[in-house]
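In what follows, a structure is listed as structure tokens, so that the remarks can point back to it.
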Amino acid sequence: MLGAALRRCAVAATTWAGPRGLLHSARTPGPAAAIQSVRCYSHGSHETDEEFDARWVTYFNKPDIDAWELRKGINTLVTYDLVPEPKIIDAALRACRRLNDFASTVRILEAVKDKAGPHKEIYPYVIQELRPTLNELGISTPEELGLDKV
């Protein structure tokens, strides 16, 4: 079934109308070549969870991170289909504090709550793990600020 669909796509991609409206066909590779070209896209390197966490902690721990890089990192992290580990969030909150960007700290915590979705036990766990950092940096949660009622 997949081979037939790939062959149809390959033929459609190599057929064009000439100047008189006649259909012309370029020589198409066989079905094995078409399937092989699709499979080549999945041969990228795979990052382990530990490498992923280390990459993001390192990113947010850069001493010269600026506000644009911070927001870009937060936006990229939020697009992933996961709730970041508390150590990544800790590093991001510390970067926000270095830049005196309180709004981003609230945004990060709101994003974590949103990413947890229907799993109501995830957000309290993350806040529990981050509580020492939140207290140290003087950061209030959205609930403490009353933003959850707005």
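Count begins at 1; order follows the chain as displayed.
From the backbone N, Cα and C atoms, a Cβ is placed for every residue, glycine too.
Sequence annotations record features per position, and here Swiss-Prot assigns transit peptide to 1-41 based on similarity to another entry.
Positions annotated as motif 'SIFI-degron' by Swiss-Prot: 2-20.
In sequence order, Asp53, Val57 constitute the residues six or more apart from Lys87 (N6-acetyllysine) in its chain with CB-CB distances below 8 Å. Per Swiss-Prot, N6-acetyllysine is recorded for Lys87 (among others), and the stated evidence type is similarity to another entry.
Under the DSSP three-state reduction, Lys113 (N6-acetyllysine) is assigned to helix. As annotated by Swiss-Prot, N6-acetyllysine applies to Lys113 (among others), with the evidence given as similarity to another entry.
If you look up Swiss-Prot, you'll see Thr141 marked as phosphothreonine. Secondary structure at Thr141 (phosphothreonine), as computed by DSSP, is coil.
A sphere of 10 angstroms centred on the C-beta of Lys113 (N6-acetyllysine) encloses 20 other C-beta atoms. Following the DSSP three-state reduction, the secondary structure of Lys87 (N6-acetyllysine) is helix.
Geometry remark: Thr141 (phosphothreonine) versus Lys113 (N6-acetyllysine), CA distance 11 Å.
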